[in-house]
Amino acid sequence: MSSSSHNDNKIPPEKTTTPPLSSSNEDIYNPADSSNVLSSNQTLVSTNNNNNNNQNNNQNNNQNNDGKDTMDHLSYLSTIDSKRREQSYLKSFYQRFIIEDVVKNFTPAYFVSVMGTGISSSLLYNFPFPAYWLQICGYVMFGLTCTFFIGNIILLIMSCAYYPNRFRDYHVDPSRAVFMGAFSMGYITIVNFIALITKGEHIYFVWTLWWLAVFSAMYTSFLIVYLSFMSKLNESDVEAKLNATLLLPIVAITVVSSSGHSIELDLPHVHQTVLTMIVSFMLWSLSISMAFMVMTLYMGRLIIHKIPPTNLIMTSFLPVGFLGQSSYSIYLFGNNLNKFIPEELLYGKISLCLSGFVSVFLLSFGYFMCFVAVTSVLSKIRPFAKNPNPSHTNRFGLLKLEKSFWSMTFPMGTMSLSNTEIGHGGVGNYPLLTFKVMGSIFAAACIFITVGCSIGVVVYSFKKLREDMTNKNKYRNESMV
């Protein structure tokens with residue numbers, strides 16, 4: 001009994017069999033299967049989350065690596081820059097400041113300062129309403145002119161010596177080559193002042209200097225204009241650089257023409273006077289023919305593309321310089337013919353009248369271009385400009401004092417010369433006070449702008465020198481620490 005009951009109480013283990021997937025068409029629910037599915041889904045979700053986390057971590061790592069690479073690159077550049085500064089300050093003052101700063105940044109445009117101071121010295125010495133103290137100021141200004149001229153000549157030679165490619169650029173590149181005309185005109189202003197103070201003495205010395213001026217003017221107006229704008233040596237976009245600065249090499253022959261007319265009557269022999277007179281008139285005719293071609297292109301560009309940008313706005317005064325100087329030259333020619341030809345002949349009077357008409361015609365055009373230039377400058381400053389260019393204007397909306405201000409000096413001076421000469425009343429021996437007053441106004445404007453620009457040059461030079469010495473001392477102190 002006991003054994004049987006004991007055997008009956010034993011429950012055999014249940015055999016659980018998993019039906020095959022193909023046993024029937026119906027789905028059979030099994031809790032174990034659902035738990036397995038849930039666990040597998042959780043596993044997939046966790047796997048996806050891990051993958052997403054890994055991707056995010058990889059992206060963060062990539063971003064961190066990119067940021068690190070950027071920081072490393074910036075630190076590398078700063079290290080290179082600091083090493084360059086360190087190496088530069090290890091050099092001598094001559095190599096560091098003179099060669100790598102002054103000579104490296106030199107351009108022939110610096111000769112515009114010689115033009116401005118040179119014509120200002122002549123205006124001070126021969127002011128429309130003369131005074132002795134003005135003549136003394138003229139001598140001082142002439143000394144400044146010679147200083148600028150000699151300094152720029154030295155920089156020009158050093159620039160071509162240390163940077164040989166620049167000699168080609170000074171003849172081919174339109175943005176640089178045209179300013180070689182400023183070199184010629186600056187030299188001619190020195191010759192003019194020497195002719196004023198010698199008053200006919202040492203005329204052969206002055207005449208020799210004038211022939212050198214003729215050669216330099218012809219060199220710039222022929223060779224440089226051809227190489228920079230007509231030859232195939234220049235592969236740059238000339239149309240983009242076609243502005244009023246192209247007049248600079250051409251105005252040089254106008255200036256040397258008027259210089260010849262101012263000394264021709266002091267020559268002792270008739271054939272020398274006639275030769276100088278004819279050559280000077282030919283130079284004036286050449287400048288008129290070339291300049292009016294350029295003026296046509298310039299006016300067309302001005303009408304189509306409107307006034308120049310702020311950094312080139314001062315070039316609007318360059319046509320004024322050509323018109324004023326050509327007016328002055330042709331009037332001197334007619335006046336000299338009237339004095340040279342005997343009075344019993346009418347040819348001198350006729351030549352004076354014709355030259356006077358042409359001179360007034362050119363002067364009137366000069367007044368118009370002066371109006372265009374002044375209006376163009378005013379349009380770049382407040383209150384006429386709503387949004388002045390911040391890189392060229394100060395916080396008051398006015399133009400900053402820059403090197404381009406030198407472009408105003410010589411044109412104002414030429415307008416003064418022309419007005420003053422007409423005001424002397426050569427035609428009919430009748431002085432014209434109005435033109436003398438206008439000549440005084442233009443002369444005062446030229447002199448004041450020249451003085452301001454000269455002060456700016458001195459201040460800028462001392463500022464650069466002090467900055468170099470300060471950085472040198474700073475580096476020396478850091479290296480000692």
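The backbone N, Cα and C atoms fix where each Cβ goes, glycine too.
From a predicted model like this one, the values you see are computed outputs, not experimental measurements.
With respect to the membrane, Swiss-Prot annotates Tyr94 and Ile136 as residing on opposing sides. Sequence-remote contacts of a segment are chain residues at least 6 beyond its ends whose Cβ falls under 8 Å from one of its Cβ atoms, and for the topological domain 'Extracellular' (198-204) they are 263, 266-268.
Of the ranges 109-129, 177-197, 274-294, the one with the most Cβ pairs under 8 Å to the transmembrane segment (439-459) is 109-129. For the transmembrane segment (177-197), the most Cβ-contacting stretch among 109-129, 205-225, 274-294, 313-333, 354-374 is 109-129 (pairs under 8 Å). The transmembrane segment (313-333) shares more Cβ pairs under 8 Å with 354-374 than with any other stretch in the list 109-129, 274-294, 354-374. Between the transmembrane segment (138-158) and the transmembrane segment (109-129) there are 3 or more Cβ pairs closer than 8 Å, counting only residues 6 or more apart in sequence, so the two stretches are in contact. Same-chain neighbours of the topological domain 'Extracellular' (334-353): 261, 264-265, 273, 277, 359, 421, 426-427, counting only residues six or more beyond its ends whose CB sits under 8 Å from a CB of the stretch. Helix, strand and coil content of the topological domain 'Extracellular' (266-273), in residues and according to DSSP, is 5 helix, 0 strand, 3 coil. If you take every residue in the topological domain 'Extracellular' (130-137) and average the pLDDT, you get 94.
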